[in-house]
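Enquirer: Pasting the relevant annotations from TrEMBL:
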type     : residues : note
TRANSMEM : 60-77    : transmembrane segment
DOMAIN   : 64-477   : domain 'Major facilitator superfamily (MFS) profile'
TRANSMEM : 104-124  : transmembrane segment
TRANSMEM : 131-151  : transmembrane segment
TRANSMEM : 157-179  : transmembrane segment
TRANSMEM : 191-213  : transmembrane segment
TRANSMEM : 225-247  : transmembrane segment
TRANSMEM : 298-319  : transmembrane segment
TRANSMEM : 331-353  : transmembrane segment
TRANSMEM : 365-383  : transmembrane segment
TRANSMEM : 389-408  : transmembrane segment
TRANSMEM : 420-442  : transmembrane segment
TRANSMEM : 454-474  : transmembrane segment
Amino acid sequence: MSNVNEIVALPAVEEATAKEKMSEKKIDGDLSFGAGVSPVEKEEEDIDYVAMEKKLVRKIDLRILICIVLLYLLNYLDRNSISAARLKGLEQDLNLKDQEYETALSILFVGYILLQIPSNLLLAHIGRPRIYIPSVVCVWGIVSACTAATHNFRELVVVRFFLGISEAAFFPGALYLLSRWYTRREVAKRMAVLYGGSILSNAVSGLISAGILGNMEGKGGIRGWQWLFIIEGAITVFVAFCSFFILPDFPHNSKMLTPAERKLAVQRLADDAGEVLIEGAEGQGPKEGLILAAKDPIVWLFALCLTATTTGVAFNQFFPTIVGTLGYNNITTLIITFGPWGWAFLAVMTNAWHADKTGERTWHLCIPLCVGIIGFIISSVTTNLGARFFALFIEAQSYAGYVLVLSWMSNSIRGTYKRAVGLAAVNCISQLGNIAGSYVWPSKWGPSYWRSNLISACCFLVAIGTALVIRLVLVRRNRDLDRRHGTVEQVQAGNENLEEAQQRAMSARQTYRYLI
């Protein structure tokens with residue numbers, strides 16, 4: 001069960017800064033709904049509260065979500081450019097053997113693993129994502145562009161390793177940032193939008209790569225695949241610089257909010273999760289957060305689920321090669337990749353929207369993975385062009401399940417530092433799936449890739465089984481909460497006679513339940 005220090009009363013939330021305390025009386029006048037008013041006035045004030053919250057969420061979406069999605073799109077674009085470059089001479093120019101190309105892919109995730117947990121702890125400690133995230137994005141853009149200067153396998157491996165290190169901070173940091181701004185019923189949809197950035201990257205990268213490789217070959221004495229890394233790296237650096245002026249920090253110290261909005265942003269998350277969202281106020285620091293995360297079995301279960309899913313979807317690293325088995329030329333192959341990934345984007349968004357609407361997680365995760373298994377089976381048993389092309393679409397939509405693992409995980413880990421460590425640790429461990437996945441699709445297993453499809457299907461089965469175990473654990477925890485506090489309905493009925501502030505604080509502690 002969650003540590004008692006993670007579940008505290010609302011008054012602690014309001015201990016943000018001395019400046020906020022000075023304006024607290026004014027803010028209380030803005031947000032103290034329902035105290036000593038008639039039922040009609042209470043209903044009108046409830047409507048005002050909802051309107052304020054909707055306005056705040058729109059503001060958060062415009063400032064955070066759009067920027068983070070664009071950065072994540074560039075993250076995948078830079079990381080996966082190597083698969084398009086492979087079709088246009090990278091292997092030949094660098095004299096790579098098949099195994100060496102796969103090693104160049106996997107070494108990125110070694111660097112990625114090493115820095116994720118320290119990076120998220122640092123982000124949670126300094127509390128300045130507005131500076132931290134754009135800085136690391138700028139670094140990876142420069143490192144990615146340096147790929148164009150490599151001449152052999154050794155140099156390529158070094159650059160890919162440092163690309164992994166520089167990218168390590170972004171994704172777990174972005175997940176943590178979203179979890180600090182959105183409620184549990186909002187976060188799945190936003191994480192779907194975030195991961196939709198990577199899927200759109202897969203969709204448009206083929207078009208971008210086709211344009212660059214088809215038109216820049218030999219310009220300035222530079223190969224087309226080299227121009228690919230230079231141009232995409234330069235775009236990343238430019239966007240990173242712009243994001244310095246767009247991204248906010250955390251709710252309690254963000255300068256983009258008015259005092260009333262800042263209090264509302266902190267208060268609504270405390271109401272939703274029953275926890276303090278200000279560093280130091282919850283009685284735990286990085287060390288305690290690390291210990292709490294390591295002792296919680298749910299963190300390890302999510303790590304297994306995400307690792308298995310990540311291995312299963314590793315086909316994205318080889319997608320142009322897989323599509324190439326349909327028999328088209330290189331440029332047409334890159335263009336064709338748009339279709340499956342466009343469909344995957346729609347599947348991810350629809351699935352996440354429905355998961356947030358219903359508050360359900362398990363089946364929204366398992367069903368897309370089951371459909372993906374059907375795609376792997378079709379790809380393995382037929383050489384029919386239409387059937388294999390259809391299989392690519394339903395394999396790609398399995399990302400809808402992958403995204404639900406991420407959002408469900410962030411919903412189920414409570415406490416500022418514990419969540420920071422837990423998200424980073426799970427994402428870090430899951431990169432073992434990317435390392436393993438780099439060796440699951442060797443060209444010698446083509447064109448049917450039945451062995452690769454079998455491995456991916458088995459990984460999805462492991463993920464589905466683990467998700468069902470997670471559901472059982474969370475159902476048991478919810479029952480323990482019911483026994484401790486009474487059901488949600490009983491708690492709400494028992495708090496009706498309390499003052500508004502006391503009611504919010506008590507409900508935040510006692511009505512929290514895990515989404516299943």
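Using the three backbone atoms N, Cα and C, a Cβ is placed for every residue, glycine included.
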Enquirer: By Cβ distance under 8 Å, which residues at least 6 away from the ends of the transmembrane segment (60-77) in the same chain are close to it?
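Expert: Long-range Cβ neighbours of the transmembrane segment (60-77): 133, 137, 140-141, 167, 170-171, 174, 177-178, 181-182, 190, 193-198, 200-202, 204-205, 208, 232, 235-236, 239-240, 243, 246-248, 256, 265.
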Enquirer: Could you give the residue numbers and ranges of same-chain residues that sit at least 6 residues beyond the transmembrane segment (104-124) on either side and whose C-beta is under 8 angstroms from one of its C-beta atoms?
Expert: 79, 82, 96, 132, 136, 153, 156-157, 160-169, 172-173, 176, 279, 286, 289-290, 317, 416-417, 420-421, 423-425, 427-429, 431-432, 434-435, 438-439
Enquirer: Cβ pairs under 8 Å with the transmembrane segment (389-408): which stretch of 131-151, 191-213, 298-319, 365-383, 420-442 has the most?
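Expert: Of the candidates 131-151, 191-213, 298-319, 365-383, 420-442, 365-383 scores highest.
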Enquirer: Could you tell me the mean pLDDT the prediction assigns to the domain 'Major facilitator superfamily (MFS) profile' (64-477)?
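Expert: Summing pLDDT over the domain 'Major facilitator superfamily (MFS) profile' (64-477) and dividing by its length gives 85.
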Enquirer: Answer yes if the transmembrane segment (298-319) and the transmembrane segment (131-151) have at least three CB pairs under 8 Å among residue pairs 6 or more apart in sequence, and no otherwise.
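Expert: Judged by the Cβ rule, the two regions do not touch, with the required three close pairs absent.
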Enquirer: What parts of the chain pack near the transmembrane segment (225-247), using Cβ distances under 8 Å and only residues at least 6 beyond its ends?
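Expert: Same-chain residues near the transmembrane segment (225-247) but 6 or more away: 63-64, 67-68, 70-71, 74, 77-78, 81, 84-85, 88-90, 93, 129-131, 133-135, 137-138, 140-148, 208-209, 212-213, 216-217, 219.
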Enquirer: Take the transmembrane segment (131-151) and find every residue of the same chain, 6 or more past its ends, with a Cβ under 8 Å from one of its Cβ atoms.
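Expert: Tertiary neighbours of the transmembrane segment (131-151) are 71, 74-75, 78-79, 81-82, 94, 119, 122-123, 159-160, 162-163, 166-167, 169-170, 173-174, 177, 222, 225-230, 232-237, 239-241, 243-244, 247.
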